[in-house]
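**Q** The following feature annotations were taken from TrEMBL:
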REGION    1-43  region 'Disordered'
DOMAIN    164-469  domain 'Phosphofructokinase'
SITE      261  site 'Important for substrate specificity'
BINDING   288, 289, 290, 333, 334, 335, 389, 445, 446, 447, 448  substrate binding site
ACT_SITE  290  active site, proton acceptor
REGION    522-565  region 'Disordered'
COMPBIAS  551-565  compositional bias 'Low complexity'
């Protein structure tokens, strides 16, 4: 039901109006290769969807929009945008029927499941969508929506037909084993699937390792352990080899657990699968301990990370209080986003200064960090500093020769901000001839290697079940919670940008008030941060998007999925 937005070529005649015959001809031409095939009859959608051709005159910035968009012309076939009344936009996810015609459907086995016999309206209505933005004004547009996750009445795979595989990629995170367990148990117990396999050691395991059979019995206790029983790695993504292997082994459901880089890989796998016309669903479960995945409310493992970070902060506080002019310095994870550091600081109440990548700071001179530390020690005789690993990298680069080295995932290798700060603080107080004791605590790998807590265990279960329901229904997507509702999100939306702490929002103001630290920001820094937030949270628009779609996407960008209250 998605309306396809057709962008004329650069040398096309730029007329506002097209004859009906021309429009039909465009639709027929698009339908030969890329347009979704006719789906089995469904209940009519509650909104009207139209197929429109946009001339370049009708949207003045269309050419710039196309150039700025991360959704290229080559990707346009994978984007499904539907428009409705009052500024309603559905950013839909691909479905098997978009490119594989005449697929048989089956009744959902859950309708005969005794556990769900008392549940009223267990199946999700096909028209249900979830808004990206929930805080609105009286005259607001309805804005961008995502398809609601959940079980459908009809599924596109029979239980005996399903051959599913699960892979974990990237760094460790609390909850990985819980997601694996619930994927296996959910497929087996809810949909009676017997053929489930684990891909060992990340993406390269598709073509370099034997598949590991998984059963509810074999994964029964793995949620009590940290790490991942399947193993993980960075890099190793070779799309052609991976899809060759999927095709050769007859896999038709692929569950991919990993961060934004991993989800980009999942998107490439889906595109190759679609190009080959394979009946395969690809479901991504986003994972990052830093909580920087775009669109979703939070990533699994984040609550556990914040809770475990408290132990390190408590230890730093004890050390600081036990020495004259004692300083406890704790480095927490946060390569690009300081959510763990911010939330751990707010939860602790013992932190005197929090430093994150989004908020630049300076060391020397009036109002600098070193002067603030000196003043706090004279006042309280001790202090605790929390720093995210990505903070202050520009300051280190100015004092130490660095090279732009990257890890296997393409992430820039960071220098140790905690160790660098330790030496700078020591040198400063030595020059002041002032006694001081500093203890540096780096618990980062301890935090990510522990099992998930109760809150994350529940969240992991819901994510896994939503992924299963979507894959069985024939969708390919990334699953996530948006405004408290589980949704199917297009791959390109979660990989195009990162969530970051907004230093111009109230949550960061609350932290500054709690720690009583200065912001270290000039008005120029604040203005630059505001503009960076605006650009970072503006989603990539599908090439040739209509003015109504562009307005709805722009409005949605004014809110963040990690919304501050």
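From the backbone N, Cα and C atoms, a Cβ is placed for every residue, glycine too.
So where do these features actually land, and what's packed around them?
**A** Of all the Cβ atoms in the protein chains shown, 28 others lie within 10 Å of the Cβ of residue 288 (substrate binding site).
The local packing around residue 290 (substrate binding site), expressed as other Cβ atoms within 10 Å of its Cβ over all shown chains, amounts to 30.
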**Q** Do me a favour and check the Cα-Cα span between residue 334 (substrate binding site) and residue 261 (site 'Important for substrate specificity'); whole Å is fine.
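**A** Rounded to the nearest whole number, the Cα-Cα distance is 16 Å.
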**Q** Over all pairs in 288, 289, 290, 333, 334, 335, 389, 445, 446, 447, 448, the listed substrate binding residues, work out the largest Cα-Cα distance in Å.
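**A** Those residues reach a largest Cα separation of 16 Å.
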**Q** Take the C-alpha atoms of residue 288 (substrate binding site) and residue 261 (site 'Important for substrate specificity') and report the distance between them in angstrom, rounded.
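**A** So the Cα of residue 261 (site 'Important for substrate specificity') lies 10 Å away from that of residue 288 (substrate binding site).
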**Q** Any idea which of the recorded positions 261, 446 has the thinnest Cβ neighbourhood at 10 Å?
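**A** The recorded positions 261, 446 were compared, and 446 has the fewest Cβ atoms within 10 Å.
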**Q** Between the Cα atoms of residue 261 (site 'Important for substrate specificity') and residue 448 (substrate binding site), find the distance and write it as a whole number of Å.
**A** 18
**Q** I want to check the contact list for residue 389 (substrate binding site): same chain, sequence separation of six or more, C-beta distance under 8 angstroms. What comes out?
**A** 331, 332, 333, 334, 335, 414, 417, 418, 444
**Q** Tell me which residues of the chain lie with their Cβ under 8 angstroms from that of residue 448 (substrate binding site), as long as they are six or more apart in sequence?
**A** 171, 172, 173, 174, 289, 301, 305, 333
**Q** Within 10 Å of the Cβ of residue 334 (substrate binding site), how many other Cβ atoms are there?
**A** 30
